[in-house]
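Per TrEMBL, the feature transmembrane segment maps to 28-50, 70-90, 97-117, 187-204, 209-229, 298-315, 327-345, 365-385.
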Amino acid sequence: MNNTIGTVEGYATGLPAWRRALAGLRRLDGTMLLAVLALSVIGALLVRSATFPLLTEQGKDPDAFVKRHILNLVIGFGLGGLTTVLDYRLLRAYVPILYGLACVGLLAVLTPLGSTINGSHSWIVLGGGFQVQPSEFAKVGLVVLLAMILGEPRDGEVGPGRRDVLLALGLTALPAALIMLQPDLGTTLVFIAVVLGMLAISGAPKRWLVGLVGGGIATAALVLLLGLLKPYQIARFTAFLDPSADPRGAGYNARQALIAVGSGGMSGKGLFNGEQTGGHFVPEQQTDFIFTVAGEELGFLGAAAIVLLLAVILWRGMRIATQAADLFGTLVASGVVCWLAFQTFENIGMTIGIMPITGLPLPFVSYGGSATFANMIAFGLLQAVHVRRRPFD
């Protein structure tokens, strides 16, 4: 008797659904999972350290932020698990819906439904202390959209043709423009990094990539000349060029961040013992500047450990992209890696003064509901591609 179980598109057809799900879980990328778990624990500790002193002074629950952060992590891991179990290839059929929902959410932010936080009109308040940032989820939609467009099979063509490239650029431009109107320069830059990276990996002609980079530089210059940026955004860029020019104004955040990171030395001042952190000298330490808490309290060694864990996630992501079962999976994984890599570089870069301040959180570490959920969905997408890299045994 032939007891071999047949396979169709990577699934064991002779197994019930729950057995297939368990088989998939056994094929998870354990190294990446451990790295994400480690960063989540470190992030929770850093969030508590960043928020405990101020909340205590205000007579509020000193653990309010870390409790919410842990809840966000639990929900986030749930979303990541669901994304892992789902067949990523089925997302092709839902791309128009995902893209439409992303654009509707970004449009809603610009209406009276939207709320302004820290100068950016990027949130929709849901009540009960909850709010959602549609631009975070739009990153997921963009990656899947571009993977579908650039990963379509072509007769006799190595990479995407002119029509595919123009379609990808056009559909990226709409949500990017809506995000820029908030204004959220950081997320717009993430979109640009993702589309350029995915075009390069998909095999798009180099002349297109060179032209896009040149066009991007020209557009940036035009934006500056026409004064389309908000005053605080221009001030941030000026402070990046010369932080000492206005140490109590536009250069304050960058200067205090450098002081915090530099004061930690090799091994840090100890968790919950940071003077810069405890004195509230660095704003938004639980989100945009959480790396300063690591630098001050955990020192170079602790900060380097965080960088190493993030590098492990990116390395595993690239490995998953090369081992994917199809081009769509390769592009999905590559898009997620481009997103996380740029955001990591920008966040740490603005903390140590090599990049301008844009307000991007550090993946898997910073406080924030929408960002945490989007990051975990991205993590789930990588695992989903990895799980289906070859037929189940």
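Placed from the backbone N, Cα and C atoms, the Cβ positions cover glycine too.
Not measured: the values here are computed from a predicted model.
The transmembrane segment (187-204) is in contact with the transmembrane segment (327-345), judged by 3+ CB-CB distances under 8 Å for residue pairs 6 or more apart in sequence. Sequence-distant neighbours of the transmembrane segment (97-117) (same chain, 6+ residues past either end, Cβ-Cβ under 8 Å): 91, 123-125, 131-132, 134-135, 137-138, 140-142, 144-145, 171, 174-175, 178-179, 181-182.
Non-local neighbours of the transmembrane segment (298-315) in the same chain are 31-32, 35-36, 38-39, 42, 261, 264-269, 271, 291, 337, 340-341, 344, 348, 363-365, 379; each lies 6+ residues outside the stretch with a CB under 8 Å from one of its CB atoms.
Sequence-distant contacts of the transmembrane segment (365-385), counting only residues of its own chain at least 6 positions beyond either end whose CB sits under 8 Å from a CB of the stretch, comprise 28-29, 32-33, 36, 39-40, 42-43, 46-47, 50-51, 65, 68-69, 72-73, 75-77, 79-88, 130-134, 136-137, 139-140, 143-144, 286-288, 290-291, 306, 313, 316-317, 320-321, 324-325, 329-330, 332-333, 336, 339-340, 347.
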